[in-house]
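Below is one structure; the comments refer to it alone.
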Amino acid sequence: MKQGKLIVFSAPSGSGKTTIVRHLLKQEELNLEFSISATSREKRGQEVHGKDYYYLSLKEFKDKIKADEFLEWEEVYRDNFYGTLKTEVERIWAKGKHVIFDIDVSGGLRIKRKFPEQTLAIFVKPPDLNELVKRLKERGEESEEKISMRVSKAPAELATAPLFDEIVVNSNLEDALKDAYNLVSDFLKD
Ligand code: 5GP
């Protein structure tokens, strides 16, 4: 199978990386396809199985870990596992497309380490922590408790930013979308 490239977007939750990833997916000339992760967390809002995530029970997820079916996986929050199935990347490469990931910082860096040449790892930085809390609240999909769990992880996640190939600061969304587009399109050229 011809291998394509891997574009990783990682960031603290609420920094806008999902918006950036969705925008890039709409740019057909980039030839990207979204890597649908598996997760043991509950479905949120309008999410759809097989589109946003493959929703698995905790047991199913752990069985797949044992069977070595993941390229990378992480217990991002307690009992909330997330991971990239090896078959997912194979599925996308088989279509002659490049893979784009929306995953947490540890998973992103693990993919970069596994495929150093093929991967562009981009960190999306929120302007500051207050803005992050504001965005998560505006999203209105989760309890205060879940939001604080996400926010409490942010400082450690922000500390990993220098390990990424590139950093996009998302203070102004339009600029962030342009920056992200230019980085990805340059990387896919060679
Ligand atoms: P959410 O619950 O908001 O959809 O995702 C929570 C966090 O898990 C986000 O930072 C998201 O990027 C990350 N995540 C989603 N899929 C994966 C994955 O396959 N692997 C890893 N390591 N993290 C993921």
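Even glycines carry a Cβ here, placed using N, Cα and C.
Per TrEMBL, ATP binding site is recorded for ALA11, PRO12, SER13, GLY14, SER15, GLY16, LYS17, THR18. Sequence annotations record features per position, and here TrEMBL assigns domain 'Guanylate kinase-like' to 4-185.
Overlay of TrEMBL annotations on the structure.
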residue	record	Cβ contacts under 8 Å, 6 or more apart
ALA11	ATP binding site	LYS17, VAL105, PHE123, VAL124, LYS125, PRO126, GLU157
PRO12	ATP binding site	PRO126, LEU132, ARG150, VAL151, LYS153, ALA154, GLU157, LEU158
SER13	ATP binding site	LEU132, LEU136, ARG150, LYS153, ALA154
GLY14	ATP binding site	PRO126, LEU132, VAL133, ARG135, LEU136, ARG139, ARG150, VAL151
SER15	ATP binding site	VAL124, LYS125, PRO126, LEU132, ARG135, ASN170
GLY16	ATP binding site	VAL124, PRO126, ARG135, ASN170, LEU173, ALA176
THR18	ATP binding site	ASP102
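Not one of the binding-site residues listed as PRO12, SER15, GLY16, THR18 brings a Cβ under 6 Å of any atom of ligand 1.
Excluding the listed site residues ALA11, PRO12, SER13, GLY14, SER15, GLY16, LYS17, THR18, the same chain places VAL124, PRO126, LEU132, ARG135, ASN170 with Cβ atoms within 8 Å of the centre of the ATP site Cβ atoms. Within 10 Å of the C-beta of LYS17 (ATP binding site) we count 27 further C-beta atoms, all protein chains included.
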